[in-house]
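**Q** Per TrEMBL, the features are:
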TRANSMEM  17-36  transmembrane segment
TRANSMEM  48-71  transmembrane segment
TRANSMEM  92-116  transmembrane segment
TRANSMEM  136-154  transmembrane segment
TRANSMEM  166-188  transmembrane segment
TRANSMEM  208-233  transmembrane segment
TRANSMEM  245-267  transmembrane segment
TRANSMEM  287-314  transmembrane segment
TRANSMEM  335-357  transmembrane segment
TRANSMEM  372-394  transmembrane segment
TRANSMEM  415-439  transmembrane segment
Amino acid sequence: MSPESTDSTKRAEWSRYGFVLAAIGSAVGLGNIWRFPYVVGENGGGAFLIPYIISFFCFGIPLMILEFTVGRGFRGSVVTAFGRLHPRLRHLGLLPFVMTLVVFSYYSVIAGWTLAYIIFSVTGYMDFKTFTSSPLPLITFFATILLAGTVVKVDLKDGIERANRYLMPMLALALLIMFVQALALPGVQAGLAYYLTPDLSVLSDPGIWVQAAGQVFFSLSIGFGVLLTYGSYLSDSAPIPRSAAVVAGADFLVALVAGVIIFPVVFSFGFDPVSGPQLAFITLPRIFSTMAFGSFFGALFFILLFVGALSSILSMVEGGVATMVDEWAWPRKKATYLVCTLAAVIGLPSALSYAGFNLTLFGAPFLDTVDLLFGILLVPVSASVICLAFSWLWNPESLLAEANKNSRFKFSRAAVYYLRYVVPLLLLVTLASTVAMTLL
């Protein structure tokens, strides 16, 4: 079916820079700031950047370009795009739709923690276990969902686009200030040595390559359909390859700078480098509480985390809302209320899993297990479904014409074959290796 023939109504469109800022906001998140630096430091330092950059170019950017192209070509959300590709395939779009909804639910829990710690940086830090056992995480969880819904329920330009016009410069300013401050610390040399000194011997370890591939998924929002949805609002004048390169480059730069910020701070105060919640909510608060101007830099760091998380959450909400608007012609506000309500209900066990309830699933905290299933294992599956369906079933000439529209860089027919054969194989290897590493 021709995608153009199904698009009878004028769809909202991004401004030229609005799309780039929103897409950067979707890609940049907690994974860039608290996960990427630790993964680099623990996996060969600067040597890790070799498999990471290879993965970035081998399937990260190609899949990003494909999602943007499919979105603009079919002018719809991920479910709608599958349905317009072939009516019998509409249900395949439910996989990324459900994944996004579930990730939105537990991601809002963690974003809520960062919101609370912005306040703690001024009032005094609360022990993390004490905090998670209190009612505060539930309050900040619901507050985050409410804030995201408030932004998304209005139209595209006055909602997500306007929000990212403020959020992305705020994130860049916070990064810059923290970057300058980190370079002035006495532990800067030790921190940068740990972070970037290459250990080329690790390149023979297959696990390093799997970690790099997984980090690319984690970082670029690939496979969730949110980039596809954002692409559906692209104007025909926007060059997709250049836009994807800018978004991917900004995402990589934020991740790289985050490590330059974090490791000098950690090493200056004699702490061991760690990752994730332990880094953000245990180690760094202890450091901020003792360093000069710690309240200011602590607040700035948690604002950085919250802005990164919120900008990603907005894209997740939009993915669900766009599906309901496209598929069932729901009013935007009604669709937003439903998506946010579902996320609040689905995310409640995750919000309680670190509290006194100790909710577990398969022997691990509920939030951790759901993250493993929906945020890690299913991502290459969903990306493979999108890649295989649209590279094989969409007319190659139409796909290339859409990708090459108003672009100086032109893809050839070889790009279609690359998407059909090479990328799915890489995704299959990534999935199998990730499952093996998880079970062992």
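Cβ coordinates come from backbone N, Cα and C, glycine included.
Predicted automatically and left uncurated, TrEMBL annotations should be read as such.
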**Q** Which stretch from 17-36, 92-116, 136-154, 287-314, 415-439 shares the most C-beta pairs under 8 Å with the transmembrane segment (166-188)?
**A** 287-314
**Q** Using a cut-off of under 8 Å between C-beta atoms, tell me which stretch among 17-36, 48-71, 92-116, 136-154, 245-267 contacts the transmembrane segment (208-233) the most.
**A** 48-71
**Q** Given a Cβ distance threshold of under 8 angstroms, which distant residues of the chain, six or more beyond its ends, lie next to the transmembrane segment (136-154)?
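**A** For the transmembrane segment (136-154), the sequence-distant neighbours (Cβ-Cβ under 8 Å, at least 6 residues beyond its ends) are 108-109, 111-113, 115-116, 160, 163, 309-310, 313-314, 317-318, 321, 332-333, 336-337, 339-340, 343-344, 347, 351-352, 354-355.
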**Q** Output the single range from 48-71, 92-116, 245-267, 372-394 maximising the number of Cβ pairs under 8 Å to the transmembrane segment (17-36).
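**A** Ranked by Cβ pairs under 8 Å, first place goes to 245-267.
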**Q** Against which stretches of its own chain does the transmembrane segment (92-116) lie, if we need a Cβ under 8 Å and a gap of at least six residues from its ends?
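**A** Distant Cβ neighbours of the transmembrane segment (92-116) are 29-30, 77-83, 131-132, 136-137, 139-145, 148, 223-226, 228, 277, 280-281, 302, 305-306, 309-310, 312-313, 316-317, 319-320, 323, 339, 342-344, 346-347, 350-351, 367, 370-371, 374-375, 378-379, 381-382, 385-386, 389.
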